[in-house]
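As annotated by TrEMBL, region 'Disordered' applies to 1-23. Taken from TrEMBL, the feature domain 'EamA' applies to 63-177, 199-328. Marked as transmembrane segment by TrEMBL: 76-95, 107-127, 133-154, 161-181, 201-219, 231-250, 262-279, 291-309, 315-333.
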Amino acid sequence: MRPLDSSRAAEVPEPGLRLTDDAPQGAIEEPAAAEAAGTPGTGRCWLFGSSPCGLCAPQVASLFVKKVQDVHAVEISAFRCVFQMLVIIPCLIYRKTGFLGPKGQRIFLLLRGVLGSTAMILLYYAFQATSLADATVITFSSPVFTSIFACIFLKEKYSPWDALFTVFTITGVILIVRPPFLFGASAAGGGESYSLHLKGTIAAVAHAVFGALTLVILRKMGKSVDYFLSIWYYVILGLLESIIVLFIIGEWSLPYCGLDRLFLILIGLFGLGGQVFLTKAIQIEKAGPVAIMKTMDVVFAFIFQIIFFNDVPTWWTVGGALCVIASSTGAAVRKWCQGSK
């Protein structure tokens with residue numbers, strides 16, 4: 001298997017941000033549905049009550065991505081889209097939402113699909129190229145980029161607190177990457193392994209950027225689009241994009257019989273399960289509690305890396321994880337407190 005040199009990703013919902021309808025870092029609001037029903041804790045029930053789907057399903061899917069042998073990240077993304085499409089189509093028919101969406105929102109749905117699927121491919125490449133813990137932690141830098149893009153495109157305020165959280169995130173990423181000119185060759189590691197680690201890190205950062213752009217688009221669309229329709233655009237455009245990229249790079253290969261094919265099915269099922277539960281939770285719950293619970297992704301990533309790959313994260317990775325989690329959690333809690341006033 002030859003990892004893709006420039007791209008990778010899977011859309012994993014980012015910490016501290018609403019995936020579908022509410023403000024990313026810059027404008028977190030009290031969910032209208034929760035207010036109307038008088039049950040603001042319903043979203044937490046979606047996460048706690050749906051475990052493992054709500055909490056660890058994305059990391060279980062990531063574990064299977066790491067376990068699949070000799071299947072390119074883009075091809076894994078294509079398989080995930082196929083399996084998810086088979087589930088989404090009956091849901092759309094049952095809910096009678098149609099397959100195109102409101103006319104005024106279709107351009108945003110197209111952008112959401114392209115950017116989200118690109119993020120998916122980038123993240124899957126990062127999981128294959130670097131450690132599970134490193135890739136997961138770096139994806140938590142997405143709120144920093146979301147704050148910046150929301151300021152640019154949505155005219156939301158970028159405060160000194162956002163700048164401080166950005167510094168924390170950059171520090172965490174540097175600790176994970178450990179560039180040789182700062183840490184020396186011994187701390188950074190050398191040779192081909194570090195080169196692959198660096199490519200995986202770049203892919204994870206690119207995933208955070210594309211994920212942030214996706215969240216800004218979802219913020220722009222608001223609640224006018226059903227969350228299953230949003231996922232439909234994500235999987236259909238993701239499948240088309242994956243096929244085109246596979247044709248260009250010539251990396252198509254038939255998965256081995258046995259566990260590899262089972263892993264591909266489970267990637268689709270767990271990926272869809274985590275996405276649906278988390279998306280629904282953030283539609284009806286404040287972003288603060290959801291973001292804090294999303295930090296469990298890092299905990300699961302560390303546990304899975306140690307148990308299934310016998311790879312104990314370095315203290316540099318632990319320090320970087322603490323910086324990034326502190327940044328994303330601090331930003332979410334600050335927005336949560338502001339929205340409660």
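Keep in mind that glycine also has a Cβ here, set from the backbone N, Cα and C atoms.
If you count C-beta pairs under 8 angstroms between the transmembrane segment (107-127) and each of 161-181, 201-219, 231-250, 262-279, 291-309, the highest count goes to 201-219. The DSSP breakdown of the domain 'EamA' (199-328) into helical (H, G, I), extended (E, B) and coil residues amounts to 111 helix, 0 strand, 19 coil. Spatially, the transmembrane segment (262-279) is not adjacent to the transmembrane segment (201-219); fewer than three Cβ-Cβ distances between them are under 8 Å for residues at least 6 apart in sequence.
Most Cβ pairs within less than 8 Å of the transmembrane segment (291-309), among stretches 76-95, 133-154, 161-181, 201-219, 231-250, belong to 133-154. Scored by C-beta pairs under 8 angstroms, the transmembrane segment (133-154) has its highest count with 201-219, from the stretches 76-95, 201-219, 315-333.
Mapped onto DSSP classes, the domain 'EamA' (63-177) shows 93 helix, 0 strand, 22 coil.
Model confidence over the domain 'EamA' (63-177) stands at 87, taken as the mean pLDDT rounded to a whole number. For the transmembrane segment (76-95), same-chain residues at least 6 beyond its ends with a Cβ under 8 Å from one of its own Cβ atoms are 9-10, 61, 65, 68, 117, 120-121, 124, 226, 228-229, 231-232, 235-236, 238-239, 242-243, 246, 255, 264-265, 267-269, 271-272.
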